[in-house]
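J.: Dropping a structure here in C-alpha cells format, bear with me for questions.
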Amino acid sequence: MSGSSLAPEIIPAETYQIDSDDYDSDQERDDLEDDEYDRLVEEAENGYSDEEMHAFTHQLKESGLVNFLREYLSPDETGRSRSLRKLLLGFGIIPPAGLRNSTVPNILLLGFAKVALSRILRRRERLAHLSSLQDALNLLRKSKNIIVLSGAGISTSCGIPDFRSSTGLYAQLQDEGRYELDDPQQMFDIRYFKEKPEVFYSFAKQIYPSNFVPSPCHRWIKMLEDKGVLLRNYTQNIDTLESLAGVTKVLQCHGSFKTASCLRCKTRVPGQTIEPYIMAQKIPFCGTCRQQRDAELEIKRAQKQAKKKSKGKAKASWDDEDEDETGEEDEWGGGEPGIIKPDITFFGQALDSEFDECLFKDREEVDLLVIIGTSLKVAPVSEVLTHIPHSVPQIYINLTPVHHVQPDICLLGDADSIVTYLSSELGWSVPPPAAVVHPPPLAEQSTEIHTNDHGGVVEKEQGNGHGSDVPAAQDDEIKLERATRVSIPPEEAEWISGQGEASHIHLLRRKGDKSPTPTPPPPSLTRYPNIPVLEPSSQSTPEPDLTELKGALAYDDTPAEAVQVGEAEDGYVSDADESASGSEDGDAAERIAKRQRKD
C-alpha cells in the first residue's frame, strides 16, 4: 500500500491505547537460523546510519508516535514511502517470523511497529538539569499549560480506599478470601462481571462517591484551573471528586458512577438510578430488557406447550427436560445480560475515544506534567508519560516511589501535605472545602421493583442508604474537618533528599520527628539547603517509612528494560539486548549482532 493511503490509518485511537506489555512475555523467543541472522545483520549494516537513527529517535520522542509515523510514511515526490522494515532493523528490532520476509508491505508491519516503537517511547530519560525541590517550585511558578495526571492516592484522605497499596481494596479482598479469585483485579474484569455481577455489587458501595468531600489535592487542581494554568486533569479515579471540587477541565479516563448503562440494550441512565441497588448490594437489572426477555420466554413456553399436546405425553416429557436444561443454561438467550453497570471502564474494555483525542491535542501545548497519587500500573493512562514530548518536565508526587518510569523530580510523602507545602512556598492559597453534598433522600422502604422512565429498575430502600449510624450533621463535620486538615502543615514540614543519582528524590517529614529507636540516615542522604536531615519516624500519619526512601535511593537511573520480543498475540517483539531500545551508541548491525539468541 502506498504511503498516501497508509498515513490515514495512523490515528490516535489505535495508537495511544496500546499496552505494549501485552506483547511482551518471558516465553521462549524465536530461534533464527544462522543464515537468516547473517542476512539481517547485513541488511542492517546497509540500512540507516547512526546519525539517521539518532535523528529518528529524537523525532519519535518529541513528535510522538502518531506524528512520527505519519511523517515517516508520507510518500515522497515519486509517491513511494520509506520502509518500516528498514526502520525497525535500524532500531535493532527483529520482526516476528510471520512478518520477517523482506517483501512484507508497510501496511502489514504497521501494527507491530506501533508496539515496538511504543516500547522505545517508554524509555524516557530524566532531564538532567532538573532535580531539586526549588526546581519543582520554579516549574510550577512559570508553567502555563499544566497536565495533572491523578490517581486513587488523592482520594484516600477522603475515606475512599485506593486499589494497590498494602491496605487498599485489592489487599482487603485478598485477605477476606470471600471470593474464589485468581487475582483481585477480576473484580473489575468485564468478563467476570458478566458471569458474576453479584461480586462487584457486593463491594461497590465502598467506592461509591456519596457524601465525600474533595481533598486538598482535588482543590489544588481546582486552584490551578482558577489561575488559568491547568491544561487538563486526566484522572484515573471514578469518584468524580474532581468535578465536585469544581474542576471543569477534567477527563475521567476510566469513566465514573455519574451514569450507568444496560449491557444489553445500551440504555444510559443517571447514576443515582442504581444508587439504591449499590447501597443495598443488589444487582440492578434493566426493566425493559427483563420484560422483553420474559415475553420471549413466555412465547417459547407457549410454543412448547402446543407441541406437547400434538406429540403426546411421552414426547412432551422429553421436551420438558430439554426446556428446563436450556432455560438454566441460557437466561438471556445467548446475548449480553440485561444488567445495568456503572459507566466505569473495566479491564477488558477500551477507553472512550475522548482520551485519545484530548491527548493528541494536549501534547502539542503541555509545558509541565504533574503526576499525583498513582502507581502508574494501569495502561493506557500510565502511558501518558511517554506520549507527551520527552522534553516536557515531569513532577511525581506520591506516598511511595515508582521504578518503571523516569520522572524528573520525585516528591514522596502524604500528597495533601506536599501540595499544601508547595502552595505555601509559592504564595498560593488552596480553596477551602465546600459543604457536603448529599444525594436526594430516598423514598420509604418498599420491596416493589418497577420500571422507571429510562427503562431501568429501582428498588427503594429506607434511610440514607449509606449504612452509617452517625447523625448526618456530625458526619458532615467529621468529613469537613478531614478535608481541611493535612498530616503535615507547611510550618511543620522538613525534607530529606537523595544524593548523586537519587538527588531528584525528596521525602517530606514532620519537623523533629523521632523514632523510638533512632537510626542514622543512609550515607546517600544529604541536607537539602537550609533544611536539616531527619532521622526516621514512626509517626502514625500516612507517610512512607525510611525504608521506602532507601529503596528510592537505590533507584536505577538507567533506561528501563530493553525491548523484549517474546511470544504474543500477533507474533513477537524483539530484542533482548539493551541497545534495541534505540540506543544512540553503535550501529544497527551491532545492535542486532548483540541479540541474545538461544543455542
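From the backbone N, Cα and C atoms, a Cβ is placed for every residue, glycine too.
Quick paste from TrEMBL:
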- 1-35: region 'Disordered' (REGION)
- 19-35: compositional bias 'Acidic residues' (COMPBIAS)
- 126-429: domain 'Deacetylase sirtuin-type' (DOMAIN)
- His254: active site, proton acceptor (ACT_SITE)
- Cys262, Cys265, Cys286, Cys289: Zn(2+) binding site (BINDING)
- 308-335: region 'Disordered' (REGION)
- 319-333: compositional bias 'Acidic residues' (COMPBIAS)
- 455-599: region 'Disordered' (REGION)
- 567-578: compositional bias 'Acidic residues' (COMPBIAS)
- 588-599: compositional bias 'Basic and acidic residues' (COMPBIAS)
J.: In whole Å, how far is His254 (active site, proton acceptor) from Cys265 (Zn(2+) binding site) when you measure between their Cα atoms?
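T.: Rounded to a whole number, the Cα-Cα distance is 21 Å.
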J.: Mind checking which of Cys262, Cys265, Cys286, Cys289 has the fewest other CB atoms within 10 A of its CB? They're the binding-site residues.
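T.: If we count Cβ atoms within 10 Å for the binding-site residues Cys262, Cys265, Cys286, Cys289, the smallest count is at Cys265.
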J.: Return the residues near the residue listed as 'active site, proton acceptor' by Cβ distance under 8 Å, restricted to its own chain and a separation of at least 6 in sequence.
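T.: Non-local contacts for the residue listed as 'active site, proton acceptor': Gln236, Asn237, Ile238, Ile344, Thr345, Leu351, Val381.
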J.: Which value does the mean pLDDT take for the domain 'Deacetylase sirtuin-type' (126-429) in this predicted structure?
T.: 84
